[in-house]
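Feature annotations, courtesy of TrEMBL:
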- Asp414: active site, 4-aspartylphosphate intermediate (ACT_SITE)
- Asp414, Lys415, Thr416, Glu505, Phe547, Lys570, Arg601, Thr681, Gly682, Asp683, Arg796, Lys802, Asn826, Asp827: ATP binding site (BINDING)
- 608-635: coiled coil (COILED)
- 849-1097: domain 'P-type ATPase C-terminal' (DOMAIN)
- 295-318: transmembrane segment (TRANSMEM)
- 349-368: transmembrane segment (TRANSMEM)
- 913-933: transmembrane segment (TRANSMEM)
- 963-985: transmembrane segment (TRANSMEM)
- 997-1019: transmembrane segment (TRANSMEM)
- 1031-1054: transmembrane segment (TRANSMEM)
- 1074-1094: transmembrane segment (TRANSMEM)
Amino acid sequence: MDGSGTFHLTDTIPCAGEEKRVGTRTVVVGHRTVSETDAYVAQKFCDNRIVSSKYTIWNFLPKNLFEQFRRIANFYFLIIFLVQVIVDTPTSPITSGLPLFFVITVTAIKQGYEDWLRHRADNEVNKSTVFIVENAKQVQKESEKIKVGDIVEVKADETFPCDLIFLASSSVDGTCYVTTASLDGESNFKTHYAVRDTTVLCTDEAIDALTATIECEQPQPDLYKFVGRIIIYRSNQEPIARSLGPENLLLKGATLKNTKKIYGVAVYTGMETKMALNYQGKSQKRSAVEKSINAFLIVYLCILLSKATVCTTLKYVWQSNPRNDEPWYNEKTKKERETFKVLRMFTDFLSFMVLFNFIIPVSMYVTVEMQKFLGSFFISWDKEMYDEEIKEGALVNTSDLNEELGQVEFVFTDKTGTLTENSMEFIECCIDGHKYKDCISEVDGFSQTDGPLKYYGKAEKSREELFLRALCLCHTVQIKEADQVDGLIGHPECKHTYISSSPDEIALVKGAEKYGFTFLGLENDFMKIRNQKNETEMYQLLHILNFDPVRRRMSVIVRTITGKLLLFCKGADSSIFPRVQQEEIQQTKVHVDRNAMDGYRTLCVAFKELTQKEYDKIDRQLNEAKMALQDREEKMAKVFEDTEADMHLIGATAVEDRLQEQSAETIEALHAAGMKVWVLTGDKMETAKSTCYACRLFQTSTELLELTVKTVGESERKEDRLHELLLEYHKKLIQDVPKHRSGLKRSWTLSQDYGLIIDGSTLSLILNPSQDSSSSNYKNIFLQICLKCTAVLCCRMAPLQKAQIVRMVKNTKGSPITLSIGDGANDVSMILEAHVGIGIKGKEGRQAARNSDYAVPKFKHLRKLLLAHGHLYYVRIAHLVQYFFYKNLCFILPQFLYQFFCGFSQQPLYDAAYLTMYNICFTSLPILAYSLLEQHINIDTLTSDPQLYMKVSDNAMLQWRPFLYWTFLGAFEGLVFFFGVYFLFQNSSLEDNGKVFGNWTFGTIVFTVLVFTVTLKLALDTRFWTWMNHFVIWGSLAFYVFFSFFWGGVIWPFLKQQRMYFVFAHMLTSVSTWLAIILLIFISLFPEILLIVLKNIKEKNHQTGPFDLPMLVSYKRIENGYVKTEDAVTNSAERYPLRIL
């Protein structure tokens, strides 16, 4: 084999002139060394244990605590807790320690439980039994005991325990069928091939006698790539070297089907298997809400610091008077007098920080986590997103981005399988320029000339047959024999089931079958077809030049029974036309263009005859390239390029891919909701364009701007021409358009609709301009044009270009929220790039669904996912965040005001138990229930009226204006609580017996008013009442009252002072206290009640229908005309009013 036979086990000898290899491994099959004399250093490989868990029993505590304290809020509370322990502060360390402990514990339990489930799943895999061939016998072992080099036997319907090189199987031809559903979701059968020289070794004794070594690349995660070679040693003969590719590799996690048993040798085990390497999580995506929370936290931290600074300063101003500093009843100790003033000031500052630290809500983080985690179940449970056909519903892969679904501005969608069914049907073909439509009798095949065919004309009989043979031979379709039913045994018309990784190929084979040429399958490297005369023809399959997205074509080389060598090639017109005789193109091109205009997918078919000499050269080059361990793909591509040249065009096919149901209505709804939809596809421009018209992305009134090879041209001047076009479109869309009033949001729809079409080659000119061109601003101008268009179609896109487009829009000014949706492996890069990635559980496998944040069965489900779920998630979490900051400001402001009345002595207003329980018990459950269940607008209304989506767009409820509104509301209520109770206490005797209430009673009254007010505020905001809301709201208030009686009704032995003993019960004996509490609650909520009354009066005056709908806090103005249909938006805005600030 071209020098490969002399290859030994050391890495020092380069093979076949190949450069020195790096990053390869040598595997000794069955641990049988080649010869005693060979110098062989055994390489160390990992065992076959799978570890998907993060923690062990020993490292769980330190590792989990380290991860949790990396969060700023947790770390901040830890510091506060340590300050309370070290410095003599006014409140007990328990007040901040207990909430922190609660948050840390809840999070640790959740993460620990999830990790325990991963451990359990790992153990199931690691402890499963496998059979290994040792000393010509089968030995039963646990899966984790497999070592690299072991020969493993796998039986039908078992999964492969590690990555194996396929050596032999029970089938004579050395093939096996595999499903990779657990890896990439593809449930169709894939055929794998055993190494040619080991196919006969199908018993334990025979396989154990094999002496061979495997050289292959080090582990890498790509499921579809593998480069290696096997060297088989035979006694007294030269060693044989054979190339190994992905077709010889059986992946861990895949399942053996329709084959009794196989033998394979372990090459990658445990965490080095391709499946394990694909475990690695995706890059962490952060939602806009998280960024808003951090901004608000900084504001509240500044408020906290300023409060502590003010109090510390005023304390020393107050103490500058000796009578205040050291009154006769409280003289300082010697130690206090000797303390440095600066140190004293610093400890006082820390004490005030501790006193006011509750303004930063530590429990908000755990509530937000729980809201996201529990809220994500509603998507999975949605029955409207369940698809009967595949028996699956929506899937949530990450719950961190629920609210982003309500903020999407740009939707990037794939075409095939996303907007369309990816269910192909053969429509027509053309041979030598003659059109053949589907109205031909079964008997004569193409030869019938009456009817419509008379009109089309027809090609020569030999050309027709050549074309149909090409369709029958140029593919990778497999046949799955149908189960034979009584009465059908041996029947020649018994139908086969075709299986293939591409629906196009099946459509073409079925198309040929319709016209009399039937593919009968592959047997011992011979492809069998039945022709129109019912004769079976045999072709020896010599090579398959596989399809890849870069070449956009595939070829086969076959030998006929007479010894003729033929190459058949099919592919996209753009990749076939440059490789055939130019004079043959025109007659076929007309049909291809017309079919593309009709929305069909087109493929061109070409062939060439090879001489034996040419074939020998190709065969040698292909084998050399296959043997390469370095740059194998580049070398193969070079050989493919040379082989697929100077061909002859035979004809073209047209296959229809029907639109998915409701895809047009979904796109219309997304447009009406203010989103821009871009279609990114690898298809031809004409095909994609007609699909865009069919799914209403382009309207008949849309003016199309084209930046394609057709308009830019292929000449030397193409960059200049591109520049001219860009400037012309820029002038039309931006410079010549009158300025809109500045208040408009999402006002991208101009008086005239514009659509842009760009192809891959023009896009690469824009994104990667040549050095000498004055084109540094191409990208900028192009982006401005895109942003002004209602719809953009990018065709002939490579997967990486799709991601580039998404990145370009994502990084524009204002960082718009982007969403990518696709169904195939070629969409994964753009799904990972966008803020929100959505996979469709389609026919192109499950790579997209596995790599996405959310997966849905059909494109139409995107409408409900965004317009209903997204809208509600955003409203709920925005309200949760604002409410948390508001209730904590209400809580701490009275504490701050109290310092002005106690000589800034750091005296707490509330008891330590109340400080601790406020956020954990008294006010946490109502807001959690609200944030899970609230529907301020009915779900059906949200889905049917897309313009409502714009009301919460651009993070409307978490802007500074609503934040300031909530902050002022909190400040107002805090002032009412404190000064209301303060004025009540101006009457010195509040009890019948003339006794005076103390400071703990004062604080308890303030706290009671506080708890009732913030809980009732949430009740006022709730529009969708369920039994759960009632239970947690009234239950929380009842629990507060019960706890207060209980806490004050017992003398607790572990407390130094029993300061709360009987305080609450005693307080409620005073009638004036009751009146004050009720009055203060009413005054605090009066602004809210007033707004609701005014809203109801306004609604009655408008008489717009029986809607009881909300007033969300938003800065959006109702009058805004977001899109052209201004009246419609205004109407819906009046029906569903937002609160105007």
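A Cβ is built for glycine as well, from the same backbone N, Cα and C atoms used for every other residue.
Nobody curates TrEMBL annotations by hand; they come from automatic prediction.
Across the structure, Asp414 (active site, 4-aspartylphosphate intermediate) and Gly682 (ATP binding site) are spaced 9 Å apart at their Cα atoms. The local packing around Gly682 (ATP binding site), expressed as other Cβ atoms within 10 Å of its Cβ over all shown chains, amounts to 23. For Arg796 (ATP binding site), the same-chain residues lying six or more positions away in sequence with a CB closer than 8 A to its CB are Ser574, Gly682, Asp683, Lys684, Met685, Asp759, Gly760, Ser761. Ranking the binding-site residues Phe547, Arg601, Asn826 by how many other Cβ atoms lie within 10 angstroms of each Cβ puts Phe547 at the bottom.
Around the Cβ of Thr416 (ATP binding site), 27 further Cβ atoms fall within 10 Å across all displayed protein chains. Taken together, the residues in the domain 'P-type ATPase C-terminal' (849-1097) have a mean pLDDT of 86 on the 0 to 100 scale. Other C-beta atoms found within 10 angstroms of the C-beta of the residue listed as 'active site, 4-aspartylphosphate intermediate' number 29, with every protein chain shown included.
Of all Cα pairs drawn from Asp414, Lys415, Thr416, Glu505, Phe547, Lys570, Arg601, Thr681, Gly682, Asp683, Arg796, Lys802, Asn826, Asp827, which the record names as binding ATP, the longest spans 25 Å.
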